[in-house]
Structure formats: C-alpha cells, structure tokens
Amino acid sequence: MGKPSRVNQTTLSDFLLLGISEWPEEQTLLFIIFLGMYLVTMMGNLLIILAITSDPHLHTPMYFFLANLSITDACFTSASIPKMLVNMHTQSQSISYSGCFAQLYFLLVFGGLDNLLLAVMAYDRYVAICQPLHYSTAMSPQLCALMLSICWALTNCPALTHTLLLTRVAFCAHKAIPHFYCDPSALLKLACSDTRINELMIITMGLMFLTAPLLLIVLSYVRISWAVFGISSPGGRWKAFSMCNSHLTVVLLFYGSLMGVYLLPPSTHSAERESKVAILYMVIIPMLNPFIYSLRNKDMNEALSKLFGSGKTIFLS
C-alpha cells in the first residue's frame, strides 16, 4: 500500500511542492518544529542587526558585513519557509506559477548574496590580519558600501535573467517538485521544451556564486594561515585566529552542506537527501549564525547586553 497523499487543490498552472514528508499525520509536528526554527532564525538575526546598528563601537567593516549577512540570512529563509509552513498547515502542496518563480528569484538573489558576503568577509579578515596598517584605507566605509553594492548587482542580474529564461520554458502536465521549495534543477526536469540555455545558466551561476567565492575564501585563509603561523607569540597567534574563527565555522558549515550534495557521486543523489541537505543550509545554518557570531565574542555580548539594558554579558561565562 502506498503512502497516503495530502489533499491537493491545484489549477493547471500550479506546481506541486511535495515537501519533506508525504504522511499527513506528520505535518503538525513538522509545522511546529519548522515554525520554531523560523522564529528563532528571525529573532536571532534581528538581534544581531539591532545590536550592531545601536552600538557605535560595532560600526566597523567586519560588523557592517555581519549585519548585512544577518539581513540576507533572514530574507533567504523567508523566501521558502513561510510557504512551506502554509502548505503544512493547510495540508496543501500547491504553489502558483507566479509564486514559484518569485520564490526562485529571491532564493537565487539571497543565496548568491550569502556566498558573496562570506567571501567579502574573508577578504576583510585577510586585510585585518595580513595588512593591519592599511586596514582603515583598504576597508574604508565608501569601499565597503561599494563592495556591498557590487554584491547586490552581481546577484540580482543573473538571478533575474535565470528566472526570466525559466518563464519561457514549456512545462509538462505533471508538475510535482520533490522539494519544499522551487528548486531550479527540479523545475528543468519537468520541462517539455529545450532547456540547454537554462542548464548553461545554472552552470554559470554556480561558478559565480559558489566556485568563485569559495576560491576567494580559500585564498584568503591560506594567506591568513601563513601570517598567523609567522607570529612568534602563542597569545598573538590565538588572538589573530580568534578574529576569524566564527566566520570560518560558518563557511565550513555552509559549504560543507553544499558539497554534501554536489560533490557526491550521482548514484547517491536522491530528492529526499537533497531536501535534507537543503534544510541544513536554508534553515539550520541561518538559525545558528547569530549564535556562532555571538558566542565568545566580547564586543557582540556587550552590545547585546546594552540592547537589553543589562550590565552583564549574555553568552560569556
């Protein structure tokens, strides 16, 4: 006997998001779990943003990019999770044609921006550790604003182009997407027309948003490692390392989850596995980021304490 299916009320132009589980009795529990994670994600990133904007001591390039990363994480999660929660609550699987492509566009924008900001933050740490005397000029407020603007332009243009190209694709009658969001690769598998240009666009965006930022991050940390190991004092080495351990943790979690999908042999790929990994980098990591950047960070703890009107630090023991 097959698994029970949820109630589907769709039109011919709707797509079906099969979600995480096909069992109706699991939907209430999953709804509570993901609603809780979503609220923690939004609250945690909002606190990071408020703490940074309200404390003048945190008006530095590192925290400027961290605040923007928190905004990006909140938006990235909001592009998919609210719709998933609505479908769980209503026992529906449908998403409209326009809603699917709108979701895809925002996922591409904020997902790409996440990657680029992590690369920019790695460069910021490289300048701070390897070229400390030139840090104020190399990371001036004007240059930071320019770098952020370039990141936005580099994500919006390809994301919009890719989304518009997908709207020209003819889809077959069966429009079931085996994910909880509108995955571009899964959408192309439903196409009944030529998709070579779309596939080329996916490869191009992968090089722009994954390979290039990761390469910049690796190069930055290679240079940082040489500089740190060149410091004679153990205390100096630890201080230099502590400047980038939070960022490095986030990078390892984020790219580790992506590599868990794209670097494994194709025979090991499955829609269920890819959905679970997508939950990791689309839900869990954005939820953990505020905690990673706050734990053992004296400046963030002091800012959060001021935000709550307390003289005691929150995470430091």
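Here the Cβ of each residue, glycine as well, is placed from N, Cα and C on the backbone.
Quick look at what TrEMBL annotates:
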- 44-293: domain 'G-protein coupled receptors family 1 profile' (DOMAIN)
- 29-50: transmembrane segment (TRANSMEM)
- 62-81: transmembrane segment (TRANSMEM)
- 101-123: transmembrane segment (TRANSMEM)
- 135-155: transmembrane segment (TRANSMEM)
- 200-222: transmembrane segment (TRANSMEM)
- 243-265: transmembrane segment (TRANSMEM)
- 277-295: transmembrane segment (TRANSMEM)
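Only pairs six or more apart in sequence are counted, and the transmembrane segment (29-50) with the transmembrane segment (101-123) gives fewer than three Cβ pairs under 8 Å, not enough to call it a contact. Scored by C-beta pairs under 8 angstroms, the transmembrane segment (135-155) has its highest count with 101-123, from the stretches 62-81, 101-123, 200-222, 277-295.
Residues of the same chain lying 6 or more positions beyond the ends of the transmembrane segment (62-81) and with a Cβ under 8 Å from any Cβ of it are 34, 38, 41-42, 45-46, 48-49, 52-53, 103, 106-107, 110-111, 113-114, 117-118, 120-121, 124-125, 128, 141, 144, 148, 180-181, 282-283, 285-287, 289-290, 293, 299.
Long-range contacts of the transmembrane segment (200-222) within the same chain, counting only residues at least 6 positions beyond its ends with a Cβ under 8 Å from a Cβ of the stretch, are 108, 111-112, 115-116, 118-119, 122-123, 125-126, 154-155, 158-159, 161-162, 165, 184-185, 188, 244, 248, 251, 255, 258.
Within the model, the domain 'G-protein coupled receptors family 1 profile' (44-293) carries an average pLDDT of 88.
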